[in-house]
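Trainee: I have a structure here, written as structure tokens, and I will follow up with some questions on it.
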Amino acid sequence: LTGVLDDCLCDIESIDDFNTFKIFPKIQKLQERDYFRYYKVNLKRPCPFWADDGHCSIKDCHVEPCPESKIPVGIKAGSSNKYSKAANNSKELEDCEQANKLGAVNSTLSNQSKEAFIDWARYDDSQDHFCELDDERSPDAQYVDLLLNPERYTGYKGPSAWRVWNSIYEENCFKPRSVYRPLNPLAPSRGGDDGESFYTWLEGLCLEKRVFYKLISGLHASINLHLCANYLLEETWGKPRWGPNVKEFTRRFDPVETKGEGPRRLKNLYFLYLIELRALSKVAPYFERSVVDLYTGNGHEDAESKALLLDIFRDTKSFHMHFDEKSMFAGDKKGAKSLKEEFRLHFKNISRIMDCVGCDKCRLWGKLQTQGLGTALKILFSAKEIQSLPENSPSKGFQLTRQEIVALVNAFGRLSTSIRELQNFKVLLQQTR
């Protein structure tokens, strides 16, 4: 897998080097920090599109929610106004400051902005959302420690998994009516026009619709790579051994076994990486403000987390072959606006399909990675608002919830891991030949 990617001026080798030597080690460290390891998610939301076909009973599908006592105090306080002014009067000064911070609507920001929040909280920015967000106040929403529930092969497959991906590809990826063959790589029958030749339809789409398909295909490829790299190889005496499964990787990505489609899927993974990398470089001004804290309640840890995040932003800005999002939705204003809205609603639909995944662990990581990509798209199409952010108060024009921030960083972390795992598989394949 080499050369320049379609629809941008970047080559695969440059991304490999940049990811391996700059991004991957740092993003790994960042994901281990308290602010980013706890993700609040509702795994009990019903599937909005078809009757639920029951949850997966395989033990590896299970997600262990985090007990309340383990959640850092600053994260747990979240967006509820837990402390009243009356309560503050009876506390010592330190407790007062803590209460002010915990009472903030959005715990990514520091207590000096508390007053501005009341107005800010009323601002409805649903027009910018590319994802259906879980209601964090729902009794079914629980914190999950992502480090204790890693994404890996669970055994979840068959009709239920096929239906989810089929719905994503067939109903949301702008497939022309003239194309009869399923886009879904899991589809059982592939017809006569198999392999690379099938993709001539893609060239006929406008750039925006091509990009949409590539993002979904890249996300699918990334998830498949994680499952191949973290596969249950054997279970002896109740002790599971997880590791890379070369045979499974070959089945999903080998040019011969996939009739040339495997490399295309992997190129789409690189394209998705570029899109999310661009979003990180664009959102940097939001976090560079002193008003943003990554607040958990532990001042030292929070300062270290922010320093590491800003260091990653510096790296993302130094990358010299970014995707140019200005090339999208650049036609006549009316047509561009209509296309952007169609793009947004299609993606929002995909985020809702994630509630139809029968395996809890797959649903958790599917929701997180979809939300991360949705947040990246929201950032890319809010560039003007981000540039004009006030230094010491929240902005009505652009805001991120903690849930979106955690999803953004972890989703990009997953892509970074995918590209790193791809290097490992290259080595393993050479050894087996």
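Cβ coordinates are placed from backbone N, Cα and C, and glycine is handled just like the others.
Heads up, TrEMBL stuff is auto-annotated, nobody curated it.
So TrEMBL lists these for the protein:
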type	residues	note
ACT_SITE	C359	active site, nucleophile
ACT_SITE	C362	active site
BINDING	R152, T154, W165, S217, H220, R252	FAD binding site
DISULFID	C56-C61	disulfide bond
DISULFID	C359-C362	disulfide bond
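Give me the local environment of each listed feature.
Mentor: In the shown protein chains, 24 other C-beta atoms lie within 10 A of the C-beta of C359 (active site, nucleophile).
All protein chains considered, the CB of T154 (FAD binding site) has 20 other CB atoms within 10 Å.
Using a 10 Å radius centred on the Cβ of C61 (disulfide bond) and all shown protein chains, the other Cβ atoms total 19.
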Trainee: For T154 (FAD binding site), which of the recorded positions C61, C359, C362 has the nearest Cα in space?
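Mentor: Closest recorded candidate to T154 (FAD binding site) by Cα: C61.
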Trainee: Determine, to the nearest whole angstrom, how far the Cα atom of H220 (FAD binding site) is from the Cα atom of C362 (active site).
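Mentor: Cα to Cα, H220 (FAD binding site) and C362 (active site) are separated by 12 Å.
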Trainee: Measuring CB to CB from R152 (FAD binding site), give everything in the same chain under 8 Å that is also at least six residues away in sequence.
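Mentor: Correct list: D60, H226, L227, N230, Y231, L232, W242, K361.
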Trainee: Among R152, T154, W165, S217, H220, R252, recorded FAD binders, what is the largest CA to CA distance in Å?
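Mentor: Taking every pair among R152, T154, W165, S217, H220, R252, the longest Cα gap is 21 Å.
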Trainee: If we count other C-beta atoms within 10 Å, could you say which of the recorded positions S217, R252, C362 has the fewest?
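Mentor: Minimum Cβ neighbour count within 10 Å, taken over the recorded positions S217, R252, C362, occurs at R252.
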Trainee: Looking only at Cβ atoms, how many others are within 10 Å of the one on H220 (FAD binding site)?
Mentor: 21
